[in-house]
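Chemist: Let me give you the structure first, and then I'll get to my questions.
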């Protein structure tokens, strides 16, 4: 059994304010109204993530939200203390609630491990029963508490992390689905050219005893509508059907608010984008979302940026189903100028990447690259940068956008403790961490995710590369593998896809950050530029040591987070292949580690090793060689030998990730105001009460949970054990 403390948020959990007030206050009232309704859509749609995380998350949310709606926090606290709850336990209750709201469920958005309340079950129950909500409706609150208390506290091995049957919990599939089921579903969906972004899969038994897989599409409408929905058919000794209507009432709230936002859109691209998002949400048609994304790409340099829908596939154990995400942000003009200069030079910089022009896109699709101050970000966590859309055919052939979330970066790094480094390195990391991270985010998103070609055979039998001339850089021979019609990077690389692509993008950032002309774009020259480059490498490799292994689960031998695995791979690559460029030692056995990086060899040996690795990564991605990619990654991401032991040292020094307290937009007499909250557990709770000022969403969440409950019944005895 793992140490229980790995599943707790400590009472001193850091909350930080995500401040966007300066950018928001510069908006016109029309722009504020646009931002307000987009935010309403994002927050309501974001509740879907509770249903996508675990079977119990929506009802835990409902229980907590109803309690906080019932009375001011100070009254709840007074009643709880009077009932015998300690100050510490009440604080732990608030921290747990803050964690649940921030992660949109009871599994961490970064790392996918479960967290449980840091107070005894009977103390939690005392707080529930001393609340006004309990006094006003004890039948309903009791029922909710009885339903969630076991799964909320259980650390049964299968319930400690997200994953398919036997390895974890997921609601993207019914709890009886294994990896074999997932692969079979993937095969069938490929034959139908269905991408999995907006669906979930539930396995039941048909009347004749064969398995029946229901692919359930997210949409407001639930009636059959061929060809989106499909009647039952037999394939490889199992039945498959496609239905729609998943998350219907929540998508309706999102869709209605997008409709209101349309009235305040700045131009036709924004209006069309929202029109297609609405169609996609209403109908369950992924092609409509792709169409909306095309208009989104065309909307260059908007004052207010938004993207909403089922986007990132990190948390689906098979790496294909998208979690709902909605963000609304304002452009930060100063930082955006720097990114604009990076885009201006991008065509030349891409030529410096080590895999050569045959594996690069035929034409550089000049993207929009802006730095944004986030006003609203719903989902299970807030990244520092984004490169979207994730749809292959759009990103490869039509374009994409890069955004750096400027106000997230400094907030994410507030007051971090930095173990495992010399005092000199700590001081440098402290000084240049934000600056170097801005450089890395720029290179990672624009030239990492934005580069590289997928070699493909078209439906008419032609190829998007010269089959006679293009050689495989790893073998020197002709290309023997490629993507065929209906295959995508996600469908080929499945569970490895996210980590592999993040590793490629991170490696591009390292490789190009040694070039003075790139660091100069961000305003650093001479000795300072060298320090920024050094800190960029140091920070990423330090992450590979000090943070990444937290995200590895020894009991199932799985990595729970794509970025973490990617950084660990790069760290191990340099540790194993560089003859001392990067060393990790154990100065105090069982208690401490020390990472040292020889800064004088970064531009020579470091760049060469990363460059050779990048050629491998891009070749395997371009040719769709997922099996070789698995072998390559397995070599560098195994926690063997001393690393198996060193993970315990990393956990000794573990720091909880900051929780962001986001503001709300408040509409009064058609004027929108920004309401900010203190950076504390109390501020976090207050922001969610104001966000959803009545229990309507709780009713919806409970109703949707009851509808899907039959697909997760076999988890209940596990939680009760």
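Note: Cβ is positioned from N, Cα and C throughout, glycine not excepted.
What TrEMBL says about a protein is an automatic prediction, not a curated fact.
What TrEMBL shows for this protein is this:
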type	residues	note
ACT_SITE	445	active site
BINDING	444, 449, 502	Zn(2+) binding site
Chemist: Which residues, sitting 6 or more apart from residue 445 (active site) on the same chain, put a CB under 8 Å from its CB?
Modeler: 369, 385, 386, 387, 402, 403, 404, 505
Chemist: List, in sequence order, the same-chain residues at least six positions removed whose CB sits under 8 Å from that of residue 449 (Zn(2+) binding site)?
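Modeler: Once residues fewer than 6 apart are set aside, residue 449 (Zn(2+) binding site) is near 387, 395, 400, 402, 501, 505.
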Chemist: Other residues near the Zn(2+) site, CB within 8 A of the CB centroid of 444, 449, 502?
Modeler: 385, 387, 445, 448, 501, 504, 505, 506, 508, 509
Chemist: Measuring CB to CB from residue 444 (Zn(2+) binding site), give everything in the same chain under 8 Å that is also at least six residues away in sequence.
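Modeler: Once residues fewer than 6 apart are set aside, residue 444 (Zn(2+) binding site) is near 385, 505, 506, 508, 509.
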Chemist: Would you mind checking how many other C-beta atoms are within 10 angstroms of the C-beta on residue 502 (Zn(2+) binding site)?
Modeler: 22
